[in-house]
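As recorded in Swiss-Prot, the features of this protein are as follows:
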type	residues	note
DOMAIN	8-260	domain 'Pyruvate carboxyltransferase'
SITE	Arg16	site 'Transition state stabilizer'
BINDING	Arg16, Asp17, Ser170, His199, Tyr290	substrate binding site
BINDING	Asp17, His199, His201	Mn(2+) binding site
ACT_SITE	His20	active site, proton acceptor
Amino acid sequence: MFDTRKKIYVSDVTLRDGMHAVRHQYSLADAERIARALDEAGVDSIEVAHGDGLQGSSFNYGFGAHTDLEWIERVAATVRRAKIATLLLPGIGTVHDLKNANAAGASVVRVATHCTEADISQQHIEYARKLGMDTVGFLMMSHMTTPTALAVEAKKMESYGAQCIYVVDSGGAMNMYDIADRFKALKDVLDPSTQTGMHAHHNLSLGVANSIVALEYGCDRIDASLTGMGAGAGNAPLEVFIAAVDRMGLKHGCDVRKLIDAAEEIVRPLQERPVRVDRETLALGYAGVYSSFLRHTEAAAHKYGLDAFEILVELGRRRMVGGQEDMIVDVALDMMSRKPQGTMRDVISH
């Protein structure tokens with residue numbers, strides 16, 4: 001059941017996940033304009049970082065137009081009400097980077113690991129709590145493990161000090177039943193004081209629906225982005241999600257019209273590749289592939305004269321996870337030397 005008295009914590013990710021859609025090339029002026037619009041529209045937090053988190057700017061993931069600290073400082077100087085969040089992947093970002101991000105203005109951190117690797121988040125979660133940050137555990141590619149196993153990992157993050165645990169559908173591969181099962185499993189083991197969050201991707205066009213189902217099962221925080229700006233087919237489109245929950249009578253604290261205008265007038269014109277469900281982004285959701293693989297895969301397909309869809313299907317068959325972007329070229333080279341075996345149906349295993 002929905003609690004119409006409870007306010008949804010609206011977490012915008014346009015300036016972090018949305019980085020993937022522009023190959024991490026937001027200008028500082030872009031960041032300022034987007035942040036101001038979001039702040040005025042009433043979101044609770046604005047996540048700011050390279051698409052792959054603090055220190056993600058690299059040959060493997062793509063170099064950013066600016067440093068994380070430059071983006072964070074500009075946004076922190078712009079907003080008047082919203083909190084500044086950032087993302088950290090252990091092994092890419094360090095506690096030193098987290099300390100600097102906090103000093104630059106970030107008061108919320110989401111510590112992200114693969115859904116079966118919560119163990120590697122302990123140092124970073126504990127350090128974030130020492131800094132006094134709102135500390136979130138972020139279990140990526142949550143479709144790749146069972147609800148019960150995911151709950152075990154969530155409990156680990158809680159034991160390290162995380163105040164909120166996210167179900168993260170990085171591949172946009174889950175449906176409403178998958179989401180319900182995972183939130184029920186988390187609620188069964190987490191302390192009632194520990195919040196939960198939902199990070200959806202729209203590769204199967206279920207980003208908004210999955211976010212609403214998460215709310216039905218007690219979710220506290222919802223990630224979304226203007227126009228869905230994000231990896232793959234994007235995240236749950238913020239303006240659509242808020243319009244939908246507004247019609248349901250749920251409390252969100254946002255100005256629907258301001259979000260719609262910001263999406264159309266500020267963010268959509270920045271899309272160099274339309275953020276939408278199409279052949280390649282649908283392949284991500286169908287095959288359960290990490291959404292940020294999209295642009296890297298399209299580049300490899302162009303370079304080697306291959307079909308991006310088939311590369312993505314093969315990546316799904318091999319169960320590649322976030323951080324294995326370097327394997328995209330390996331897969332492409334393998335496909336050049338032999339005809340892919342199996343069918344698309346071989347990719348899916350529920």
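Just so it is clear, glycine is given a Cβ too, placed from its N, Cα and C backbone atoms.
Keep in mind that what you see is a predicted model, and the values were worked out from it rather than measured.
A map of Swiss-Prot features onto the structure.
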{"residue": "Arg16", "record": "site 'Transition state stabilizer'", "DSSP (3 states)": "coil"}
{"residue": "Ser170", "record": "substrate binding site", "DSSP (3 states)": "coil"}
{"residue": "His199", "record": "substrate binding site", "DSSP (3 states)": "strand"}
{"residue": "Tyr290", "record": "substrate binding site", "DSSP (3 states)": "coil"}
Checklist entry - What other residues of this chain sit with their CB within 8 A of the center of the CB atoms of Asp17, His199, His201, the recorded Mn(2+) site? => result Val13, Val168, Asp169, Ser170, Gly172, Ala200, Asp223, Ser225, Gly230, Ala231, Gly234, Asn235, Ala236, Ser291
Checklist entry - If you take the centroid of the Cβ atoms of Arg16, Asp17, Ser170, His199, Tyr290, the listed substrate site, which other residues of that chain have their Cβ within 8 Å of it? => result Val13, His20, Gly51, Met140, Val168, His201, Gly230, Ala231, Asn235, Ser291, Ser292
Checklist entry - What span in Å does the substrate site cover, taken as the longest CA to CA distance among Arg16, Asp17, Ser170, His199, Tyr290? => result 16
Next on the checklist: I'm trying to understand the geometry here, so how far is the Cα atom of His201 (Mn(2+) binding site) from the Cα atom of Arg16 (site 'Transition state stabilizer'), in Å to the nearest whole number?
Outcome noted: 14
Checklist entry - What are the non-local neighbours of His20 (active site, proton acceptor), defined as same-chain residues 6+ apart in sequence with CB under 8 A from its CB? => result Gly51, Gly230, Ala231, Gly232, Ser291, Ser292, Leu294, Arg295
Next on the checklist: So if I draw a 10 Å sphere around the Cβ of His201 (Mn(2+) binding site), how many other Cβ atoms end up inside it?
Outcome noted: 31
Checklist entry - If you measure Tyr290 (substrate binding site) to Arg16 (site 'Transition state stabilizer') at Cα, how many Å is it? => result 16
Next on the checklist: If I take every residue in the domain 'Pyruvate carboxyltransferase' (8-260) and average their pLDDT values, what number comes out?
Outcome noted: 97
Next on the checklist: Test of understanding: give the count of other CB atoms lying within 10 angstroms of the CB of His199 (substrate binding site).
Outcome noted: 29
